[in-house]
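If you look up Swiss-Prot, you'll see ASP100, ASP109, ASP118, ASP127 marked as Ca(2+) binding site, on the strength of a curator's inference. Sequence annotations record features per position, and here Swiss-Prot assigns region 'Disordered' to 1-27. For 208-222, the entry in Swiss-Prot reads region 'Export signal (aspartic acid box)', with the evidence type sequence analysis. Residues or ranges marked as repeat 'Hemolysin-type calcium-binding 1' by Swiss-Prot: 13-30. What Swiss-Prot records for 31-48 is repeat 'Hemolysin-type calcium-binding 2'. Per Swiss-Prot, the feature repeat 'Hemolysin-type calcium-binding 3' maps to 58-75. Under the heading repeat 'Hemolysin-type calcium-binding 4', Swiss-Prot lists 94-111. If you look up Swiss-Prot, you'll see 112-129 marked as repeat 'Hemolysin-type calcium-binding 5'.
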Amino acid sequence: MNIKGSDNGSFIKGSPENDIIDGGKKNDWIDAGNGDDRIKAGDGQDSITAGPGHDIVWAGKGSDVIHADGGDDLLYSDASYPLYVTDPHRVIPHSGEGDDVLYAGPGSDILVAGDGADVLTGGDDGDAFVFRFHDPMVGTTHCYTSVMDFDTKQDRFVLDAADFGGDRNLFDANFINHSKGFPGEFVDTFYNGAAEGAHGEHVVVITDRGFASAAAAATAIDHEARGDIIVFHDQKTLGQDGETHGATLAYVDSANHAHAFAHVDNLHDMSDLTSLTAENFGFI
């Protein structure tokens with residue numbers, strides 16, 4: 001069923017079947033119900049409950065909250081990809097897209113971070129947290145995503161170099177592809193250990209000490225190059241609870257310099273980082 005909201009804000013209730021829902025331009029409350037639904041919230045500060053089923057949700061501009069419930073779901077924190085094939089592709093603007101909250105729930109879900117201060121919770125089962133650009137364009141406010149429940153035994157960080165939507169528009173995806181042979185594989189070189197033991201691996205997890213900044217972490221390792229990823233215990237940044245520290249993911253853009261793009265709240269201690277492996281990092 002095709003359901004369209006008004007541009008004045010609306011309550012939208014989906015059917016038990018497979019729905020296509022377009023929320024409009026104002027603040028919406030959307031309950032999609034059962035079925036495999038496609039939901040485009042549009043502008044405004046929206047509350048979206050996708051319900052059971054394999055759902056695809058685009059939050060749109062504004063600070064939105066998405067509850068996906070059960071099923072294998074695909075959640076976008078902003079309007080990064082079209083609901084209809086005729087929609088124009090997004091170009092990253094010179095401003096944030098809103099600070100969104102995504103709860104994926106049970107199922108093997110894909111959560112796609114935007115360029116706001118997003119909060120992502122994957123829920124049960126193996127989830128993929130997708131990042132498409134490592135630092136905002138000039139003129140934006142630098143924000144990074146918080147991942148609340150990364151499970152090192154089954155979850156993965158996916159770093160997008162070719163555009164998750166498939167059209168390889170590099171304006172929307174600027175990670176460097178370090179996969180084993182073809183996009184979608186695990187990272188090709190990986191290191192987990194003391195900072196002085198790292199020598200140019202494409203993903204480096206530092207487990208012997210923490211750092212107060214991404215630049216300090218980059219300075220502590222040797223032979224880092226643009227596009228490498230550093231994971232370190234953050235001594236400075238507090239998690240969403242305002243009390244505990246966590247792990248930070250940073251993108252190297254030059255020697256001794258890196259940008260933080262994600263914070264993992266539940267990896268509280270350096271000892272938690274020792275369980276990270278190459279299988280926790282993939283490239284598109």
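The backbone N, Cα and C atoms fix where each Cβ goes, and this holds for glycine too.
Beyond the ends of the repeat 'Hemolysin-type calcium-binding 1' (13-30), by six or more residues, the same chain brings 1-7, 36-49, 51, 53, 60, 62, 83 to within a C-beta distance below 8 angstroms of the stretch. If one looks beyond the repeat 'Hemolysin-type calcium-binding 2' (31-48) by at least 6 residues along the same chain, the residues whose Cβ comes under 8 Å of a Cβ in the stretch are 5, 9, 12-25, 54-67, 71, 79, 83, 98. The Cβ of ASP109 (Ca(2+) binding site) has ALA68, ASP72, ASP73, LEU74, LEU75, GLY122, GLY123, ASP125, ASP127, ALA128 as same-chain neighbours under 8 Å, each 6 or more residues away in sequence. DSSP assignment over the repeat 'Hemolysin-type calcium-binding 3' (58-75) gives 0 helix, 6 strand, 12 coil.
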